């Protein structure tokens, strides 16, 4: 047990919260799932499937925030295009789910998805091949964002595009992809994207049990990725990454090829975003080019900023809080939401540069000296 | 034949008509018929009117063509609606005398549709063949080119020898040649001469005539026609190239306007202003408000809107700088996020104040239409003006930065802040002014863009990514780079578009820039030296 | 038949079990100093927008030497260091480290891994990390991505860090965030980071700027003790300091070497007096 | 540590609380699923108000089945996945009896699986590309054969148009409509070289090259028309460019399927005058029902300049029919109402009778109007009677053999008349 705690909390100061956080996250997940599956619908503690799906969506966003934080909070690379990796992962999953429909589409065509029949396509484009195998689609969900991140990162980091330039380039990247996926000729369903999914691995997507399972898998994967990321970032690799963030040229002068570190971290982050996207799609039931829109990518950054960048827990909490607020706000005052979101951007950057976690750390720091004084007295 | 009669009337009875029209009794019955008629039955009535009235009916036709013909409900008499200094007035169609005390409720519109408009234009053209102004005569001949019948040709033939104006005569000659070339009963040699003459014209109707001749039975005619077509196509292609170049320059000027303010705030100050697009939007809305305040002087509104937009956006810029950006100095990524928040707030603000609907910004009359150089090449005036305007703004900005003390201070601060501060430059003041200047110029860009696109809350969003691309591509901190980048991207897009389509062209240009920046991270014209690090 | 054999042969050659592929062999890090010379800088030229920062510069440094570089602002001292460490590309010329390593075709990381350490004018340490972590990162280890990911501190490495901590006098502050150190302590930490990397050649840019006289003295002591085993090149404006440590001094002027020799020789050199020592206010200004 | 636990706990319990079902069961709940923010808010807010007006009016008449109606409005914020989420919220949390909602095809496609899973009922009031018929959706807007095909007929027969430019925004509605039109035109003997197809992205504003191409295409001697499925924002720059390049509505008329009174209101209509639009309703149509509707609308919005448009009429018809069907069925139960809906007849606003067919589509008249300078339309042509909406186009190879019939014994949205099978939906 001590070894376990040790493993979780290796090294860094934020590490000591890892185990409790994971325990809370998984417990909550289990409780919510059980409340949905085993309690009667009229029980006061019943958690509706709607809520489960909503929570599942939040957790996907949390995973995405984790990805953004790894690259921004720890390495100082502000990516305004993480939505692209998320969406690509989502499309891979969407393509698999689309193939699962088989001949149950409206045209009953066993070979082609509906939108292709609709646009009079004769055969499946090459990039759809293999997508009817779950393992292959999932491989693509991580490989495609990974490769894109690798190529982009390799080009950008090697030629030392940094700071705001890089941010703008990532934004251009996701914008270019947005335009591309809008095109119907691309073979991804154009503006409508992919939808009307029926089942995943043979399980009915509309069944409560499937939804709960997806939710639980999301929570579990989030926990795993969280712990693994925490480990990676507290290894010497993580120290190098921090060193790059704070003084990149210094790191180079002591012999680290910083571009390689950045590329691999970028790829890792993109892969996490891809996984988040792949989990997102079966839960919300649609993937379309809107996910590539630059605004979405910027919104992700604000989740991390609100929660506190440079702390993985902060990113997760930020994503969940902001999205919960969004759900509530847009229901009560749809017009006020954009004001609130805008103000959040300004206020957090001005007054809370370290986010809620920074605030929490400050509060703890204040309380501690007070305590020690008390004990001395 | 009836047209001929009508025109003979015009020719020989010009003087008598004014008297005749003033008396205005015989056509009254026809005019009353017009009031009650259904759209389908109106053409014959108009034909009768044209035949009996000749040129005297022109005012009525013109008003009807413009959709401004009304009748007074009480007595069914016809009036035209005119706009005099913002007031709607109704005048008698023929005498141009204002009919007093009429309001919108007392009159009802006489509707027209496309069929009628087509007829009217043709009829007006026929009548106008004898108009006093040579321009009118020329446009009348050109209008008639597409519908040459025996009557028209006879008329033109009759007018041709006495025509004094060279251009009109040329156009008439063209009409006659077109007719000659297609007349099968003519001797082939005459037809060949006619075709020869046609080959020098770029008129679309000429091309269509020649294309029809390709099916002629006489092989010599077919050969001549195909040669003429070839000739025309070659010349037309040259002009098409110029046309495309102009499209590119025009797009480039829009990009230049949108990005030039950013070139200052981003390039000189190093501030990433994601709310830049909203500064453009504010400028566009200022134009809207200015037009709202002075609805009767739309033609002059632009001149008021330009300084107003500069002030509004500039002040907003100063405000943003003082309240937010100042506190984030040296933290470009944070500035990016904060200004993005500001852009959301500004968008929503505009949505709350002006509604999410697009607003109407009218185009001043001097900016509408196009400058027709020849039948295949015409440059639209609004884009021409905007191109000139963009260059003007650019030059003004260069002068401000190079020649004024503000410019000197700005350059000093951008090169070495602490040194400038030590030298007594009020860096705070310079920052605010620079940001205000950049924002103000974005506001001016908004005035220009309001003439081209929708004025709505999302206006700025549409340009922000493009403007960043232009500035980064041109090289940050280099105004000339921005100019070159804007025009080269504009032209590249427009030359790609015909083969790839608009979307793919945009994607190709974006990907090109992304790759280019990897190769040359500092853009086309990088700043060199240690200061740039 | 013979073609086949050839193929098989070349296949065997490619997959010989007693050798690894060339690209897998560790980079040649041995520095050939048979001629007693560790750094050869020849005919170096570099201009920024027409300004000649380096102008046919030639410089040779012996192995184990302690060399001081002096010169007015814009003389090219820092630029020279930038070229040697790979930060700046030069227009023409050659820079060799030992007899075999051409530094001009290597990037900063490769040059650092060869054993060239650099300290900047402005102390740059990893402010958000502890003093100990700063030194750990600088250790002479395999700095590839994967080895770093799975690396663990060995007892020898910890000992080495402790040793360096003692040398630079930061043993008490080992778990303090580097950002919380004083200016002088940061200078020391940076020197410590150089030591931890165990380099052959140290390039040190203005090590005593902002230090108290005692600290300056201590630094002088350290630098002289380092020479011999390692080669040290120091850029400094503080003439007293230079005098206290230097054996050989090179004077740069307008991007090329103006004079070279002992401090006394330099001080009596007429050219130098004319362009440098004559202008007394020069030493005051700090390069930007 | 404690604080964090607390926040997490609050968070999750908060999430649980917000979904507490509402108890009040003595009203009939009408869900409104239209975007109130984001890009589609411009169009959709009007429809939300229309539903609210209808609900208010119905309540004044005493409600339905002795109960009052209660409108539940949510905002899917022009975000397509949110349509599914909010749809689920309406059906499971609010337990609404019917939903009026969606504008874009993608939003309908997004919410559709939720409707089918939870057996909800939705009325979709916008013209669309067809190729769909769900048991849970009633389509009160026009199918392609109720808008596009009559418009092209008009161009060919009345204006003698021989060449066609099919210009559209690149998304599914224009794609499908143009596919159908292309097949239809070819069937009518129009040569492939006389059809030019062009797609542009959403919000396209630089129309120079395309308009110049259209000008060239139209200047080759044959009467040319543009059939525009250009969406929303891109329209004004398009018409402006047409005007500036000297193309008038007599030379090359443009007939649009997405430009209505709402889009024209408050705009400089000068460059648009004379161009055409095809709809099933125009505000300018003179009928008593329409006058009454317009008056009510202006009173409800307290704005005498507010205009009405085709999707509003579709919402109006849909609501009336639903109210009648509920009364006929005596319950709001979805299956009962669905069956009662079929065959419902209700007066439309243009003086005719709208009929709900077996395929969940309406029979409607088709009108073609010319844009006037006051932003209204002058009807220049209309079909003799009503045209029945066709869910599956006869001009697409994939759907030629498909029909939709929700009455026994077929009870299928996509029934293949050749293989006699029902693909896709199985109930």
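Just so you know, glycine gets a Cβ as well, placed from its N, Cα and C.
Note that TrEMBL annotation is computational and uncurated.
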From the ranges A:134-157, A:230-253, pick the one that TrEMBL records as transmembrane segment.
A:134-157
Among A:21-39, A:45-64, A:71-93, A:212-229, A:261-281, point out the range having the most Cβ pairs under 8 angstroms from the transmembrane segment (A:134-157).
A:261-281
Counting Cβ pairs under 8 Å that sit 6 or more residues apart, are there three or more between the transmembrane segment (A:301-324) and the transmembrane segment (A:71-93)?
yes
For the transmembrane segment (A:261-281), I need the partner stretch with the highest count of C-beta pairs below 8 angstroms, choosing only from A:21-39, A:45-64, A:164-182, A:336-353.
A:45-64
Between the transmembrane segment (A:336-353) and the transmembrane segment (A:21-39), are there three or more CB pairs that fall under 8 A, provided the residues in each pair are separated by 6 or more in sequence?
no
Same-chain residue ranges lying at least 6 outside the transmembrane segment (A:71-93) that approach it to Cβ under 8 Å:
64, 131, 137-138, 140-142, 144-145, 148-149, 162-164, 166-174, 177, 181, 188, 194, 233, 238, 241-242, 244-246, 261-262, 265-266, 269-271, 273-282, 287, 289, 291-294, 296-298, 300-301, 304, 309-311, 314-315
Close approaches to the transmembrane segment (A:45-64) from elsewhere in its chain (Cβ under 8 angstroms; 6 or more beyond its ends):
32-33, 35-36, 39, 82, 86, 208, 211-212, 214-215, 218-219, 221-222, 225, 272-273, 275-277, 279-280, 283-284, 300, 303, 315-316, 319-320, 323-324, 327
Give the nonlocal contacts of the transmembrane segment (A:164-182) in its own chain as ranges (CB under 8 Å, at least six residues past its ends).
77-84, 87-88, 91, 152, 156, 188, 190-191, 193, 289, 292-294, 297
Long-range neighbours of the transmembrane segment (A:212-229), counting only residues six or more past its ends (CB under 8 A):
8, 18, 21-22, 25-26, 29-30, 32-33, 36-37, 49, 52-53, 55-56, 59-60, 62-63, 66, 70, 200, 203, 272, 275, 279, 282-283, 312, 316
